[in-house]
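Have a look at the structure below before the remarks.
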Amino acid sequence: MYRNGAALIIAVCVGLVTALPQIIQRVETGERYQGVAVRGTDTEEYYLIRIREAYDGHWRVASPDLYEYKQAPFVQPSIPEIVMGGAARLLGLNIIDVVVAAKFLFPFLLSLVLYALVCAMTGQTLLALLIPPAIVMAGQTLVSPTMVLRLLRLQAGAFTAMVDYARPVNPQFSSFVFFLWLWLWYTWARNPLGHLRFVAGAALLGLMVYVYPYAWMLGIGIVGLTFLASLFPRFRQQGMSPVRAGIYAGVSLFFTIPYWINFYRAFTHPVYEALQRRYGFYASREPIWSDLLFFDLLFLLVLYWRRKKDETFCLLLSFIAVIALLTNQQVITGLRFYPGHWHWYYTTPLTIFLLIWGMLALLRHLRWLRSAVAAIIIMGSFTIGIAKQTTAFARLRASAEGEQRFAAPLQWLETHTQKDTVVMANGIFNELLPAYTHANAYFSRWGEFYLVPHERFRDRMFARLYLDGADEENIDQFVTGDRKDVYEYLFGRYRLRKGECEGGCFDVAELRRVKEEYLAWRADVDFEAFLKRYRLDYAIWDTQTNASWQLDQYPFFEFVTEVNGIRVYKFHSPS
């Protein structure tokens, strides 16, 4: 009971540290906080917009920041967004407050699940207490030699971003679901007669494909490998039979049927090929070597040297084997897609677990030293987590406070416009717009990840260049490989994933072609008619940060109001 209480306290602390930047912001700024929460995790706005889309009733989340394409097949499943957006709607909260609450809740729940899983696998409560903070607070730091060296040298560069589990949905929600399923699977595999865990685990595995396909592929791979092993009595786990494993897999796959129907619709969609390139998929059969997986296998074999190979050994061995297979699936399929998420969210936790388990095993006869090492691990993990969160917030403090001026104009749009209104804006305001209001963006920030026709990126690029004042004399300063419009139009992510570039990605000839295309278009464009190619209701001009737009010069933009330096214009509808 004492150890369970300690686990609860640690889980609460993990949740509080994960939400620390948002807590500090609200306490420190007081009345100056107007509702625009600090962000600091990778692509956090992407998930905020998706949650708002579900909140607004577009459960498919097929085109969250554009008015068009909402009935297209979904690309990324949306159960986490539906859960969080639905909770906000049910509780009468805005999605930002729910997202901030989730930064505490899901790391808290993940910590409890990890504790239960490690206890079940090893029977060692001390180890189980150390794993949650080590993974959630310090995961990426502990497995990176460069980061460890910076940490030992007390270099500020060791803490440049918030902890990974502060990011909404992935890995925050998806990791909780995956490790909850892994606990259900492990405890059922030890006792396959447990019907409740069979039903709950099989259903959860099937539903996991709607949470995060990476997690589902790993889970179904573990089940599939267990089924294959059960066909051979020599490798069969005690109590496991091909029939039990096969039924488990079959029930799980049954729940995925709607997903595969949607996948077929997406696969046959005319934009799918371009979408693959925008995601960075490319043809390759080159294998990928993982140092961490290699060391994980060595650690596992050393830990079980001259020991009976039990259910824990079988699970960990299958975990390593399936991740190695998934990371190298392109050797079989010929299509390489980004393997990093398996490394960050699954290989890294496995490595940390095996490292700490190995250290405690080496010190099992030196209790005082074992306790000292445990204390260092838990204090060090929280120190890293707190340092990352506070350092990241200090770096973002000024920009976060400056963004509070956006709250009033965003609220004006939420109050004075209809649902799914389309607003043309730029910069940070354009990124916040679909997350903080029911409006859609005219210039999509995240359209590259959805079934959006590629010509839409060309049109966005041309319109922005035109509004920025790009012409024949100054075009060179606008068309660069670092400009996101150009980057997406020329499939920059595809080049980046293939390792063909590190920065701008494009050669002189390609950039020259973009300039020539734009100048030819600009020479005879009717800009008002061009804007009407897609729905547009309002335009936003941030006079403090975007002086070049000068929307007053266009007769088709009618000034409506100005709030905190943000001018709002009504776009004349077609006659």
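Quick reminder: no glycine exception, Cβ is built from N, Cα and C everywhere.
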Of the residue ranges 74-91, 218-235, 506-523, the one that TrEMBL records as transmembrane segment:
218-235
Leading contact stretch, 125-149, 218-235, 247-267, 312-332 vs the transmembrane segment (368-387) - CB distance under 8 Å:
125-149
Count the CB pairs under 8 A between the transmembrane segment (287-305) and each of 218-235, 247-267, 312-332, 344-363, then give me the winner.
344-363
Using a cut-off of under 8 Å between C-beta atoms, tell me which stretch among 247-267, 312-332, 344-363 contacts the transmembrane segment (169-188) the most.
344-363
Give the nonlocal contacts of the transmembrane segment (247-267) in its own chain as ranges (CB under 8 Å, at least six residues past its ends).
72-75, 77, 188, 198-199, 201-203, 205-207, 209-210, 216, 219-220, 223-224, 227, 451
